[in-house]
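Visitor: Structure provided below as structure tokens; questions to follow.
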Amino acid sequence: MAKTIRLTTAQALVKFLNAQYLHADGKEEPFVEGIFTIFGHGNVLGIGQALEQDAGRLNVWQGKNEQGMAHAAMAFSKQMLRKKIYAVTTSVGPGAANLVAAAGTALANNIPVLLLPADTFATRQPDPVLQQFEQEYSQAVTTNDALKPVSRYWDRITRPEQLMSSLIRAFEVMTDPGKAGPATICIAQDVEGEAYEYPEEFFRKRIHYLERRKPTEREIEEALERIRRSKRPLLVVGGGAKYSEAKEELVALSEQCGIPLVETQAGKATVAADFANNLGGLGVTGTLAANKAAREADLVIGVGTRYTDFATSSKTAFDFEHTTFLNINVSRMQTYKLDAYQVVADAKETLSLLISRLKTYRSAFGDRIAALKEEWLAERNRLKSVVFNRKTFVPEVKEHFSQEKLNEYADALGTELPQTTALLAINETIDEDSTIICSSGSLPGDLQRLWHANEPNTYHLEYGYSCMGYEISGALGIKLAEPEREVYSIVGDGSFLMLHSELITAIQYNKKINILLFDNAGFGCISNLQMDHGGGSYYCEFLTADNQVMNIDYAKVAEGYGAKTYRANTVEQLKAALKDAKKQETSTLIEMKVLPKTMTDGYESWWNVGVAEVAASQSIQDAYQARQAKLKEAKHY
């Protein structure tokens, strides 16, 4: 007869979380670092009681917004290269609903996080309970069903014994590099407190092995043949290469064979920006060097990439008539993209084998790599020194705003600071081992093109879901992952307004984060999109009822929370603020008023977005025709 221990469902959950370990590359560590909580009537008497009684080694943090704390949990796991996670517990109803955006963010980025929303009563005795809606077609539907499409694994616990098989399945999913993502386990609030005789063996130390899948001999031989046949192969470094920690292998293969590297947002900072063959970001937000190399390549070797529309310029980045693809990925689904030859294997293992068998191969790119890189560095230097003037200023995003309108913004915001000038001043000033985080707006494009990250894993971009509000919440997660490093949240005013609640959590627990707030008084990148496609400037600027530019004192907002704040509208003020902020022990916010339309623009790239087929505006009709013409150049699938 197996020995048992009588625990509530919630107590069993906490005990199980404490017993999970991950073994990767010879190193074994606890997999669950802790749990973020916002308690409500659905979880405070269940999971809340269990944690209060015995949290074990789990760190417990009080969040301020469910989406925010789930984003912090996701960022922690992403920064830890998916080798550790946080769990997140919420109440029923609205609290659970707030997890949907965060779950989508984790799913789009293939990041494991354990979501534990409370659910309505399994017995249904008090139905409808507080924060429960009613549907006529089913009593089994709750808010938590909205989490199904955005979870890699989803389950509902209505009996205590169901917890055992559900948790084992959830951790199998979260520790598999090929399908990692959010696991959601919804626990009925009455069941959280129900007791059960759980087998003691369920709580024994459980080790999940992160094995590096090796390619088959057939996969390697075919990959070698395709590389040897090609004259101008190109390596696309995706997020999977970063999680595989394949830096040395990428550099070695590139150097040995003369193959240029380009990066996706997720793959950036796998290889140092200063590496001679690294041509930078690819696609819509990419560099001119990378986009030119992509057009010239006859073989594209995708290493751990999903080939999103931003990376492929909506499938126009490559010469599809003459270019073939070789995809290396632990996800079989991802290897099938763009009609590629598929290698379903770990990036590091595969690249190592390729290096050992390509001793004599050299690409035909030759000196072209250095020429492309030099050309782009000259452009980067120009963007570092942009200076505004009130008579003949030409912004990077041209023909949208008149000189008069730009002058009005300069007066209203009290600034003449261009966005690219400010960003590159930051890049030059902060420590190289600092980590930056960004997610949405125009800043991800500027960062992918311009930011030089030379230390591994110091560039943390969430550009799978591009979720506004991730930046500040995520900075807290990064700080929990790397407490000794400075972390900088690079965020626009639009995203700051969407969500910044976890700044309070960072201050509360003395987890210092630095917020670099670029305020251009509006949703700048969407204004660009709107006007690039024939529209006017329509509800993307932050204007008062009498059409005046809003000048919001964001520094005062952060000061009210307890952060150390700065206002910097010149490069000199910015550098001084950055140096002083580093000395602080509490969280900081540097507010920069920057001029609109001074972010970088596209470099020989295209983004397919929906344009009205019928419109009164001739400029919109022209934009529609231009889109139709461009689609003829694109791969259709």
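Glycine is no exception: its Cβ is also placed from the backbone N, Cα and C atoms.
The thiamine diphosphate binding site feature in Swiss-Prot is assigned to Glu66; the stated evidence is sequence analysis. Annotation comment: Swiss-Prot describes Asp493, Asn520 as Mg(2+) binding site, evidence class sequence analysis. Annotated region 'Thiamine pyrophosphate binding' per Swiss-Prot: 442-522, in sequence order.
Map the listed features onto the structure and describe their local environment.
Guide: Counting only residues at least six positions away in the same chain, the Cβ atoms of Ile38, Val88, Thr90, Gly95, Ala96, Asn98, Leu99, Ala102 sit under 8 Å from the Cβ of Glu66 (thiamine diphosphate binding site). According to DSSP, Glu66 (thiamine diphosphate binding site) is assigned to a helical segment.
Other C-beta atoms found within 10 angstroms of the C-beta of Asn520 (Mg(2+) binding site) number 29, with every protein chain shown included.
Per-residue confidence over the region 'Thiamine pyrophosphate binding' (442-522) averages out at a pLDDT of 98.
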Visitor: Going by DSSP assignments with H, G and I as helix and E and B as strand, what are the residue counts for the region 'Thiamine pyrophosphate binding' (442-522)?
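Guide: Counts, helix then strand then coil: 33 helix, 16 strand, 32 coil.
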Visitor: Applying a 10 Å Cβ distance cut-off over all chains shown, what neighbour count does Asp493 (Mg(2+) binding site) have?
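Guide: Within a 10 Å radius of the Cβ of Asp493 (Mg(2+) binding site) lie 24 other Cβ atoms.
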